[in-house]
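Have a look at the structure below, then the notes.
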Amino acid sequence: MAVQACALSLRLGLWMSLLLPVLPGAGARAAGARWSGEGTTPHLQSIFLGRCAEYTTLLSLEPGNKNCTAIWEAFKVVLDKDPCSVLPSDYDLFINLSRHAIPRDKSLFWENNHLLVMSYAENTRRLMPLCDVLYGKVGDFLSWCRQENASGLDYQSCPTAEDCENNAVDAYWKSASMQYSRDSSGVINVMLNGSEPKGAYPTKGFFADFEIPYLQKDKITRIEIWVMHEVGGPHVESCGEGSVKILEDRLEALGFQHSCINDYPPVKFLMCVDHSTHPDCAMNSASASMWRESPALHAIGDISLIISLLVALASSSQA
């Protein structure tokens with residue numbers, strides 16, 4: 001996955017606007033800011049605890065087994081550390097307290113398509129990407145760090161990988177990514193962006209460096225790669241090309257059974273809901289061929305999605 005992240009829709013934009021009030025100077029790098037990243041998210045503790053409470057009450061697979069206050073206390077230890085001296089291991093207790101089982105066949109890894117992943121996963125109803133497990137949910141889209149030479153939080157800016165390797169947010173996602181990989185099992189889904197100019201599979205990215213190495217081969221049936229191309233966007237890479245071929249070769253060398261499909265239809269249909277008249281969204285023989293070649297497409301959950309999306313597309317075209 002990329003650093004922060006699980007590009008939802010209008011609902012996400014509304015949710016974020018309600019959840020992340022903008023303070024003067026927040027959201028853009030202020031003049032004279034020490035670091036290149038956004039500063040600590042206003043009301044960090046309240047947002048963290050609110051997300052935790054919502055998850056454990058409404059979504060958790062293990063209701064009643066998580067203490068959100070204890071999880072916050074374990075997390076906030078890093079807020080007392082130098083902003084460039086935070087290690088993944090500093091989140092160990094936080095991960096241990098917030099960790100829970102990931103349903104078999106429900107893991108979804110990704111690069112460069114955070115919001116599409118969130119939209120398709122549908123709040124754990126369809127799949128469960130890292131940003132939909134508890135230890136990923138509480139920090140998603142947030143930023144945090146201590147001031148460089150003081151004890152308070154830095155609301156002006158926080159370091160990113162451009163500033164220093166051991167920054168608080170990257171360390172968090174490294175730790176979460178490693179645990180997510182260890183806990184994933186069955187069929188592993190990977191969504192890549194085939195329209196990304198730098199390539200669909202970053203060979204130096206979170207998926208490459210902190211997720212693939214921690215997959216437990218004895219727990220995994222196969223890995224399915226979905227290379228999605230943006231509606232109206234370029235086809236920079238597809239299955240068997242460029243960095244995708246590098247990924248396929250790596251999985252082969254590691255002994256994983258794997259397959260790759262371009263523009264996995266259920267996800268493509270979702271992308272086309274807002275672009276129903278675009279040529280990229282026309283149902284054609286190529287789409288039908290991809291459908292026939294992928295047995296997984298006949299799962300009940302995907303069929304229900306496709307039916308609902310086809311209805312939406314038909315309604316849009318008649319409007």
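Just so it is clear, glycine is given a Cβ too, placed from its N, Cα and C backbone atoms.
Taken from Swiss-Prot, the feature signal peptide covers 1-33. Residues or ranges marked as disulfide bond in Swiss-Prot (evidence: similarity to another entry): C52-C68, C84-C164, C145-C158, C239-C260, C272-C281. Sequence annotations record features per position, and here Swiss-Prot assigns N-linked glycosylation site to N67, N96, N149, N193 based on sequence analysis. Per Swiss-Prot, the feature nicotinamide binding site maps to W110. What Swiss-Prot records for W110, W173, E211 is NAD(+) binding site, and it gives similarity to another entry as the kind of evidence. What Swiss-Prot lists as GPI-anchor amidated serine is S294.
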(request) Using only the Cα atoms of W110, W173, E211, which the record gives as binding NAD(+), return the largest interatomic distance in Å, rounded to a whole number. (result) 13
(request) Based on DSSP, name the secondary structure state of C145 (disulfide bond): helix, strand or coil. (result) coil
(request) Report the nearest neighbour of C272 (disulfide bond) in space among the binding-site residues W110, W173, E211, comparing Cα positions. (result) W110
(request) Would you kindly give the Cα-Cα distance separating E211 (NAD(+) binding site) and N149 (N-linked glycosylation site), rounded to the nearest Å? (result) 33
(message) Please identify, among the binding-site residues W110, W173, E211, the one with the smallest Cα-Cα distance to C260 (disulfide bond).
(response) W110
(request) Measuring CA to CA, name the entry from the binding-site residues W110, W173, E211 that ends up nearest C145 (disulfide bond). (result) W173
(message) Using a 10 Å cut-off between Cα atoms, which of these recorded positions sit near N193 (N-linked glycosylation site): C84, W110, C164?
(response) W110
